[in-house]
Amino acid sequence: MKMKRTASSNSEAQSYNESPHSPLRFHSPLSDAGDLPESRYVSPEGSPFKIENPKSIVAGNKLTQFSPLPSPIPPPPPQFPPPRRQRNARVPMNSSSDKSPSSMVVHNSWVREDGGQTTTRKAGAPINGEESTRTTVNRARGDDLVSLTALGFRITEVILCVISFSIMAADKTQGWSGDSYDRYKEYRYCLAVNVIAFVYSAFEACDAACYIAKESYMINCGFHDLFVFSMDQLLAYLLMSASSCAATRVDDWVSNWGKDEFTQMATASIAVSFLAFGAFAVSALISSYRLFTHASS
């Protein structure tokens with residue numbers, strides 16, 4: 001009876017071990033039947049991975065239950081404090097989670113920088129406008145001052161030329177030793193140049209007054225500044241030449257015959273003619289300034 005019970009217990013144990021529902025057979029590497037389809041811990045056929053503890057898988061959904069990959073290993077906790085050699089080490093930016101925040105931060109910084117630059121340009125625009133307005137006002141004041149100076153020198157030229165040719169035209173003596181300016185070509189040359197300079201300076205004085213009053217010349221043409229500059233240069237050289245010739249004639253007369261009333265009047269006329277030359281030289285500088293300033297603008 002005892003033998004039968006032992007045999008039956010052995011057969012039951014063997015049948016229990018060979019049973020497909022037995023957990024021993026489920027974990028046995030010698031099992032040929034594989035896992036039961038009804039089991040929760042079913043692994044797919046031909047899976048290259050062996051799951052040692054299937055219960056560790058969280059049953060979130062069917063895809064997670066039947067995943068052939070093992071569960072990810074959680075990262076180790078950080079060390080506090082870090083080792084001395086790692087305190088100054090740079091953290092590598094390899095993870096995808098680190099890339100997106102850094103790119104977003106850089107993008108935002110670019111947008112902010114652009115906005116600041118745009119604001120700076122807009123704020124600087126009125127300053128440039130004020131500077132240009134101030135420059136225009138200063139230029140207008142400078143033009144007015146130049147116009148008044150030019151008018152003053154034109155009036156001076158008119159007065160000096162009138163005095164010079166008037167004295168030369170009146171240089172005549174009576175008597176047996178009488179003499180006249182028209183007998184000497186140097187004096188006639190000086191008289192003619194002073195008359196021409198007087199006519200031109202009178203016309204330019206009227207033109208300058210018209211420009212100050214109406215801001216327009218009497219004769220508006222494209223080459224007005226060039227004409228004025230050329231005439232000022234020409235008459236200045238002519239006055240210098242005529243005055244020098246007349247002064248040479250007076251010096252020759254005084255060295256041979258001495259001083260008298262005739263030579264004294266000629267000397268006075270020549271001196272005023274030199275002063276007129278100085279006024280025309282200043283007018284030539286003013287006209288050259290106007291010419292090159294208007295040409296550059």
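Here the Cβ of each residue, glycine as well, is placed from N, Cα and C on the backbone.
Swiss-Prot has this to say about the protein:
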COMPBIAS  1-20  compositional bias 'Polar residues'
COMPBIAS  69-83  compositional bias 'Pro residues'
REGION    1-135  region 'Disordered'
TOPO_DOM  1-149  topological domain 'Cytoplasmic'
TOPO_DOM  171-191  topological domain 'Extracellular'
TOPO_DOM  213-225  topological domain 'Cytoplasmic'
TOPO_DOM  247-265  topological domain 'Extracellular'
TOPO_DOM  287-297  topological domain 'Cytoplasmic'
TRANSMEM  150-170  transmembrane segment
TRANSMEM  192-212  transmembrane segment
TRANSMEM  226-246  transmembrane segment
TRANSMEM  266-286  transmembrane segment
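The stretch with the most CB contacts under 8 Å to the transmembrane segment (226-246), chosen from 150-170, 192-212, 266-286, is 266-286. Shown for the topological domain 'Extracellular' (171-191): DSSP residue counts in helix, strand and coil, namely 10 helix, 2 strand, 9 coil.
Away from its own ends, the topological domain 'Cytoplasmic' (213-225) comes close to residues 206-207, 287, 290-291, 294-295 of its chain (Cβ-Cβ under 8 Å, at least six residues beyond either end).
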